[in-house]
Amino acid sequence: MLRGIIKHFKKDDNLVYQLIREVRPRQWVKSGFVFAALVFGKKFFEIEPFIDTSIAFFVFSFAASFTYIINDISDLEKDKLHPVKCNRPIASGKLSVSTALKAAVVFLSLSLFLAVLVNDYLFYIVLIYIALQFAYTFYLKNYIIIDALAVSVGFILRVFAGGIAASVSISSWLILSVIGVSLLLAFGKRRGERTILSSKNMNLDTRKTLKDYPDTLLNSMISTAAAYSIITYSLFTFQTSPDTKTPSLFASFLPYTLASPKWMMLTIPVVIYGVARYLYVIYESKNAESPERALFEDKPLLYTLGIWGLMILFFYYILGTVNL
């Protein structure tokens, strides 16, 4: 019975189903960056900061859905030529432009309303984010390197929004790490698109900058962003590891520098593997065109993120609070 209901819901003529596809809830995973300040600020289990940050998550998720709709309307003709994007509701004709615009207004209104509920600063940040997305959709995405930088700024705004929502100061090393990861995702997305189009022997007209990116430049930027991400994250772990001390029973037998170890350093190998696995995905996998799709459908990458998250929670909220 349940299978029958799901099958009926997923029919092409089901408006609700097509609207859900159009707003791309899977992409909301990117808004998870708003929780960075909350987690590393050791307020993840405090009720009020958690609620405000969760609201900020939906603020950026709804704002992102609004910009996805506008982008799909703007790129309607180009998306029809793309092997993957041609299946999107608007490009395939399963969702009308007028209905999509009405949905866009709803998501924009929800985003701004929720932002005001938290504080005025979050409202201003989401306005900047929306303005950036408009600039990206109609102008910035047509210029190589600038397009990737614009995507990176979007991630940084999410991190700052999370800090403002939770009233937590943000480490400069955290920001630098986010810059590296976001650039890796941005350049990796373009590399992934080229991989998919090349495998299908299709031209690169679906995105103007794909033709302008030389393979050598794109590969160099990906390598640079990957190395930068690992280095800045490593420095972040040196600077921000929670204050813990080894048990006094063992302290006398260990070097002085290990009396207050940097436990976060243990997450570095996990991050290195995660970056390397993502590089494999964007060069070899059919899921390369979309970072969030790669995350959900590439099990090694998903497990790596899960292990990293559990290690963070353990070091910050268990080991960091135990009176050793």
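Note that Cβ sites are derived from N, Cα and C of the backbone, with glycine treated the same way.
Where the annotation comes from TrEMBL, it is an automatic prediction and has not been curated.
Keep in mind the model is a prediction, meaning the values are calculated, not measured.
Using a Cβ-Cβ cut-off under 8 Å and counting only residues 6 or more beyond its ends in the same chain, the transmembrane segment (51-70) has close neighbours at 22-25, 27-28, 30-32, 34-35, 37-38, 90, 100-101, 103-104, 107-108, 110-111, 114-115, 117-118, 122, 126, 129-130, 133-134, 137, 158, 161-162, 164-166. According to TrEMBL, the feature transmembrane segment maps to 51-70 (among others).
The transmembrane segment annotation in TrEMBL covers 121-139 (among others).
The transmembrane segment annotation in TrEMBL covers 144-164 (among others). Sequence-distant neighbours of the transmembrane segment (144-164) (same chain, 6+ residues past either end, Cβ-Cβ under 8 Å): 30-31, 33-38, 41, 53, 56, 59-60, 119, 121-122, 125-126, 128-129, 132-133, 135-136, 170, 174-175, 178-179, 181-183, 185-187, 189-190, 209, 212-213, 217, 221.
For 170-188 (among others), the entry in TrEMBL reads transmembrane segment.
The feature transmembrane segment is assigned by TrEMBL to 217-236 (among others). Residues 144-145, 148, 171, 173-174, 176-177, 179-181, 183-184, 187-188, 190-191, 194, 264-265, 268, 271-272, 275, 279, 282 of the same chain lie 6 or more positions beyond the ends of the transmembrane segment (217-236) yet place their CB under 8 Å from a CB of it.
Positions annotated as transmembrane segment by TrEMBL: 263-280 (among others). Long-range contacts of the transmembrane segment (263-280) within the same chain: residues 184, 188, 222, 226, 229-230, 233-234, 236-238, 240-242, 244, 291, 294, 298, 300-301, 304-305, 307-308, 311-312, 315, 319, each at least 6 residues beyond the stretch ends and with a Cβ under 8 Å from a Cβ of the stretch.
What TrEMBL records for 301-319 (among others) is transmembrane segment.
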Would you mind listing the long-range same-chain contacts of the transmembrane segment (301-319), meaning Cβ under 8 Å and 6+ residues beyond its ends? 39-40, 42, 44-45, 241-242, 244, 263-264, 266-267, 270-271, 273-274, 277-278, 281, 294-295
Excluding the flanking five residues on each side, which residues at least 6 beyond the ends of the transmembrane segment (121-139) place their CB within less than 8 Å of a CB in that stretch? 56, 59-60, 63-64, 66-67, 70-71, 74, 108, 111-112, 115, 147, 150-151, 153-154, 157-158, 160-161, 164-165
